[in-house]
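According to Swiss-Prot, the features are:
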type: DOMAIN; residues: 2-239; note: domain 'ABC transporter 1'
type: BINDING; residues: GLY34, GLU35, ASN36, GLY37, ALA38, GLY39, LYS40, SER41; note: ATP binding site
type: DOMAIN; residues: 251-493; note: domain 'ABC transporter 2'
Amino acid sequence: MIDMRSIQKSFGANIVLNGVDFEVLPGEVHALMGENGAGKSTLIKVLTGIYERDGGTIVVNGREVHYRHPKEAERDGIVVIHQELNVIPTLTVAENIFLGREPKIGRTGVIRYKEMEQQAASYLRRLGMDLDPRELAGRLSVGKQQMIEIARAISTNAKCLIMDEPTAALTEREIQALFSVIPTLKQQGVAVVYISHRMEEIFTICDRISVLRDGQFIGTKRVKETNFDEIVQMMVGRQIGERFPKRRVTIGEERLRVERLTKKGLFENVSFSVRAGEVLGVAGLMGSGRTEIMEAIFGARPFDEGDIYIDGRPVRIRSPRQAVEHGIAMITEDRKQKGLILEMSVHENLTLPKLEQLATAGFIQSSKERDVVLTYIHLLNIKASSPDLPVKALSGGNQQKVVFGKWLAMNPRILILDEPTRGVDVGAKKEIYEVINELAAQGAAIIMISSELPEVLGMSDRVMVVHEGKVQAILENDGLDQETIMRAATGGNR
């Protein structure tokens, strides 16, 4: 259906795509993989007419094309479903599906709502979705809004859906709903290009995997004929060893204890502890209250009652400043909104929490600042052409490393990580895991929220499972499996 050959694209002297080949067959699910900055997004933008290619050919349905706008690609059945969904919350499900293509009475401009709602219901049924076409889209979950986008694509007679990190903001149940829709699309001859860093998903639903590295096409493999290690080596150009690096840490005394922490409507009677050198994994479905509990401990969210102890002593924390004073740092799941100031440089972001220590008589000592910046750029292997580069210019993985560096610079004794590797490629994940292990080895107590159960199992000493704002279970990670965690996360027996 789609055949891209020898695609070239440069921005100035920077070669972003260098002779890339990419082929998509009708009715297949084809993963497009590569580290952050490998060229995946640029390739899709070239395909759909957002960027003009410098060289190479694109053939769609046997005809060479040269799209100038995504609308032209859509007319040929190529539709992109972006990570940031394009759903208008104040319109109904049906209005979103037919936006700009509403059936009307002659030339009057009057919309035939009943017909539109019936057609919308028909497209939703094709996806196995029982959604009311008259429901306001803003009242639906992210997963159901994503189904609206898929229904919209099918209504335009889409032949190829390009999904960019489609499960990043979905609950486990919504992910399963998406996975049940994809075979339906395949049966209807619709191809799916699936862009994701989540290996488990790739090997579950994809037929073939194509890998880019540093703007070059490395190869295509059939999922049945490859494995995790081979794909990782294709992506990073080297063997990265064990997926989750082993730790040799002696777990020390209790560092943090929380008792009966409660915020009405969000979480209730939460009690747990974490020791020096320990990694406590926190699992639970999206919306279970995991993040809200940790925000309360960090002083970013008020709570009604409960006590927090550090090294056995009660502490009062009502703001992030007070948390930082007690040696607590928190790396948030939304790095762009809460973790970074995107317009500021790498070095400015790295030194934000440490400005007081870098100042003498109220003036920042530039030599001290430079030493701190270079130390953490080197330690975390942050790929930036200059420390003065705006942090928004970095890849997702390198942005996440800057967030880590920002808080590591204050030498935290307790580090709370909320989805630390979301949207990060496999090579950068391994580097982040090694940093977590190093911090634990230095005696920090680590709390790690993650929706990726292999990550929870691979990195944690114990796992706390949260369900509907309550601690459902605290499990030793000795022979623990994903099924046991999911059973607790859905309210089942421990």
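Yeah, the Cβs are placed from backbone N, Cα and C, and that goes for glycine too.
Apart from GLY34, GLU35, ASN36, GLY37, ALA38, GLY39, LYS40, SER41, the ATP site neighbourhood in this chain, defined by C-beta within 8 angstroms of the site C-beta centre, holds LEU212, SER395, ASP425.
Per-residue pLDDT, averaged across the domain 'ABC transporter 1' (2-239), gives 90.
According to DSSP, ASN36 (ATP binding site) sits in a coil region rather than a helix or strand.
Long-range Cβ contacts of GLY39 (ATP binding site) within its own chain (separation 6+, distance under 8 Å): LYS9, VAL16, LEU17, VAL20, LEU212, ASP214, GLY215, GLN216. Neighbour counts were taken at the CB atom with a 10 A radius for the binding-site residues GLY34, GLY37; the maximum falls on GLY34.
Using a 10 Å radius centred on the Cβ of LYS40 (ATP binding site) and all shown protein chains, the other Cβ atoms total 23.
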